[in-house]
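Visitor: Annotations per Swiss-Prot:
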type     : residues : note
DOMAIN   : 13-204   : domain 'ABC transmembrane type-1'
TOPO_DOM : 1-19     : topological domain 'Periplasmic'
TOPO_DOM : 41-54    : topological domain 'Cytoplasmic'
TOPO_DOM : 78-92    : topological domain 'Periplasmic'
TOPO_DOM : 114-151  : topological domain 'Cytoplasmic'
TOPO_DOM : 173-185  : topological domain 'Periplasmic'
TOPO_DOM : 207-217  : topological domain 'Cytoplasmic'
TRANSMEM : 20-40    : transmembrane segment
TRANSMEM : 55-77    : transmembrane segment
TRANSMEM : 93-113   : transmembrane segment
TRANSMEM : 152-172  : transmembrane segment
TRANSMEM : 186-206  : transmembrane segment
Amino acid sequence: MSEAMMWLLVRGVWETLAMTFVSGFFGFVIGLPVGVLLYVTRPGQIMENARLYRSLSAVVNIFRSIPFIILLVWMIPFTRIIVGTSIGLQAAIVPLTVGAAPFIARMVENALLEIPAGLIEASRAMGATPLQIVRKILLPEALPGLVNAATITLITLVGYSAMGGAVGAGGLGQIGYQYGYIGYNATVMNTVLVLLVVLVYLIQLSGDRIVRAVTHK
């Protein structure tokens, strides 16, 4: 493997990490409040609102059901409006964020559902407001589950970013497709696969350690 290809792979790793973590961050900025809203508006919860819950849940389910490669192509016009181009690192972050947000929202809701109902009832009995319950009870108690959700999301985004590489998003996916598949270079393809596996392993390892650190003893 040439030195130029090695540097290209290094840049591909950096671009993949950038796409993964930046879109993961923005996905959580959108998905976390949506997930909390899904939870608190569920039947029997602190801000029960059946109409809002059904509407929000339907939107989340619709976007979750769209395969990422189709979402990527469908969002090309919107991506051009937002970042001015439909290819490259910045362009990839837009559909990655949109793909991640509903996934995160549902996992946040599920993490909150694991909290014992007695804690919430005790807080309500002491006169806590819904906002106080969310800030001081729900989010702290669900922190291990939220960290686990973040880990799963980042791993999913690594795979999404690789798919995006096939349509010019950059990163390891584009290198594997352009130089490995199109260029019939098995060495490059295998190297890309190994690098993706290593990235996923490191993200999972880091996530597991953080979960252990924040889990109540």
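Backbone N, Cα and C atoms are what each Cβ position is placed from, and that goes for glycine too.
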Visitor: Under a Cβ pair cut-off of under 8 Å, which of the recorded stretches 55-77, 93-113, 152-172, 186-206 contacts the transmembrane segment (20-40) most often?
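Guide: Highest pair count goes to 93-113.
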Visitor: Using a Cβ distance cut-off of under 8 Å, indicate which of 93-113, 152-172, 186-206 has the most pairs with the transmembrane segment (55-77).
Guide: 93-113
Visitor: As a quick check of your reading of DSSP, tell me how many residues in the topological domain 'Periplasmic' (173-185) are helical, how many are strand and how many are coil.
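Guide: Going through the topological domain 'Periplasmic' (173-185) residue by residue, I get 10 helix, 0 strand, 3 coil.
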Visitor: Checking distant contacts: for the topological domain 'Periplasmic' (1-19), what same-chain residues at least six beyond its ends satisfy Cβ-Cβ under 8 A?
Guide: 89, 92-93, 96, 157-158, 161-162, 164, 169-175, 179, 187-188, 191-192, 195-196, 199
Visitor: Six or more residues beyond either end and a Cβ under 8 Å away: which residues meet both conditions relative to the topological domain 'Cytoplasmic' (114-151)?
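Guide: Cβ under 8 Å, 6 or more out: 24, 28, 32, 36, 39-40, 46-47, 104, 107-108, 203-204, 206-208, 210-211, 214-216.
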